[in-house]
Amino acid sequence: MKETGIHNKAASISTSGLKELSAVFYNLGPARLYEETIRRGEAELSAQGALVARTGQHTGRSPKDKFVVRDANTEDHVWWDNNKPMTPEAFELLYADFIEHAKGRELFVQDLIGGADADNKINARVITEYAWHSLFIRNLLIRPSQEALASYVPEMTIIDLPSFKADPERYGVRTETVIAVDLTRKIVLIGGTSYAGEMKKSVFTALNYILPAKGVMPMHCSANEGPNGDTAVFFGLSGTGKTTLSADPTRTLIGDDEHGWGEHGVFNFEGGCYAKTIRLSAEAEPEIYATTQRFGTVLENVVLDENRQPDFDDGSLTENTRCAYPLDFIPNASKSGKGGQPKNIIMLTADAFGVMPPIAKLTPAQAMYHFLSGYTAKVAGTEKGVTEPEATFSTCFGAPFMPRHPSEYGNLLRKLIAEHKVDCWLVNTGWTGGAYGVGKRMPIKATRALLAAALDGSLNNAEFRIDPNFGFAVPVEVPGVENSILDPRSTWADKVAYDAQAKKLVDMFVSNFEKFESHVDHEVKDAAPAIRMAAE
């Protein structure tokens with residue numbers, strides 16, 4: 001078996017049972033991985049030098065094909081309502097078949113780290129069948145120094161073989177695609193999908209399981225730091241403005257997607273970014289756009305024209321086009337991946353019902369309520385004339401990656417907020433003056449002004465009113481922002497329609513929260529919007 005590249009000889013991939021391979025490439029850098037990718041016909045080059053790969057039928061994650069091993073260790077700690085179980089026996093059989101399938105193949109190994117905090121990191125070894133997958137994950141996780149690689153010992157292993165097709169009957173799975181996670185042995189097997197995001201989210205899932213037991217809060221969020229060292233955390237589902245609003249030229253970007261919060265402050269789990277590129281432009285997002293125009297970046301499912309120019313407006317393969325690049329491709333990114341204790345937490349929502357104010361201050365109990373709710377609203381497709389928005393609730397702002405019960409994360413968040421006296425804000429980047437189809441999108445200028453006032457501390461001195469529907473505190477006046485926009489009801493021409501819409505949204509919150517009622521105390525229950533409606 002031919003082995004090339006720097007690695008710890010005492011911890012080769014044979015320790016994972018992988019033997020009789022034709023070749024193993026350890027820790028290759030971008031240039032070598034480009035050569036191997038092109039040699040094997042896995043991807044193309046863009047005119048600017050990015051590596052452009054297509055993932056075939058899977059252009060996103062396959063959450064319905066993800067399984068967690070249910071054993072004596074995970075039985076009482078995993079939220080089984082949200083995680084599909086797999087027996088240890090089925091996993092063992094799958095693992096043996098993965099090892100058999102790999103024989104005679106070339107494999108690529110990247111020895112990486114998840115977590116910028118030395119006390120709360122995991123050494124994650126990622127073994128891939130595709131060379132471009134190796135570059136992708138190298139871009140996204142934290143890369144150890146060349147010296148550290150010689151003594152690197154993996155704590156977690158991911159084996160990604162897209163050519164492996166699972167037999168549903170043999171393993172008790174759903175389709176030919178499988179993502180099997182053994183949290184006890186820290187082994188992840190990915191088969192039957194070429195979508196690279198599965199590898200990244202597997203490390204996130206492992207950290208989301210391991211860290212709460214150490215009192216560290218894992219978060220699906222972006223984070224940045226101001227010139228005075230004040231850290232801000234941004235929670236938000238897709239389409240709420242998390243990436244856009246945390247990419248602030250006056251602040252240092254800590255990371256765009258996954259972080260931990262522990263005794264030393266906030267730290268990035270990753271060493272790179274995985275940004276959406278659909279309709280990306282140099283004018284709207286210059287920093288992200290610049291990363292797509294250079295060597296080393298991986299473009300996923302981006303369409304190229306005959307001159308190999310990327311067309312970011314072309315969504316014919318998928319709307320979920322992406323680019324993966326190291327964090328240091330962003331000019332004002334943190335070199336350490338670490339920030340202090342957060343001063344502000346921002347929970348972003350895009351309320352397409354037009355009911356919520358552009359900003360509200362939350363108590364720790366209200367913050368836990370809205371964190372567990374994880375609300376935003378998607379706009380329905382207009383091709384059939386459907387203009388009714390659709391409410392989306394994804395608990396902890398990232399339900400698919402949370403192995404434990406949401407209340408564990410919620411209680412930990414609330415404890416840390418109280419302990420460090422963090423100011424919490426709910427920011428609505430959705431609609432004002434009416435619901436989607438009637439009102440207009442919240443002006444980004446107003447959102448940025450409100451955010452700036454929250455982050456510099458001046459908003460704390462404003463006069464607040466209590467919102468009659470949600471019970472949180474809303475500023476009455478903020479310099480540089482029209483007063484009317486701060487009171488959503490006043491922006492609606494039809495006040496009766498507003499009240500009806502507000503009641504409808506409140507009812508959705510209440511109905512969604514029923515599953516958490518037995519897991520929270522009275523203070524959090526009292527943060528529910530329905531309580532306020534009843535008290536009116």
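Backbone N, Cα and C define each Cβ position, glycine as well.
DSSP assigns Arg61 (substrate binding site) to coil in the three-state reduction, placing it in neither a helix nor a strand. Among the features that Swiss-Prot reports, substrate binding site is placed at Arg61, Tyr195, Lys201, Arg322.
Taken from Swiss-Prot, the feature Mn(2+) binding site covers Lys201, His220, Asp257. Sequence-distant neighbours of Lys201 (substrate binding site) (same chain, 6+ residues apart, CB-CB distance under 8 A): Arg61, Pro400, Phe401.
Among the features that Swiss-Prot reports, ATP binding site is placed at Lys201, His220, Gly236, Leu237, Ser238, Gly239, Thr240, Gly241, Lys242, Thr243, Thr244, Glu285, Arg322, Thr447, with the record citing sequence analysis. The Cβ of Thr244 (ATP binding site) has Glu285, Ile444 as same-chain neighbours under 8 Å, each 6 or more residues away in sequence.
The binding-site residues close to Asp257 (Mn(2+) binding site), defined as a CA atom within 10 A of its CA, are Lys242 out of Thr240, Lys242, Arg322. Sorted by the number of other CB atoms within 10 A, the binding-site residues Ser238, Thr240 start with Ser238, the lowest. The secondary structure of Asp257 (Mn(2+) binding site), as reduced to three states from DSSP, is coil rather than helix or strand. If you take the Cα of Lys242 (ATP binding site) and the Cα of His220 (Mn(2+) binding site), they are about 10 angstrom apart, rounded to a whole number. Summary of the Mn(2+) site environment: with the site residues Lys201, His220, Asp257 set aside, the chain residues having Cβ atoms within 8 Å of the Cβ mean position are Lys200, Phe204, Glu258, Gly398, Phe401.
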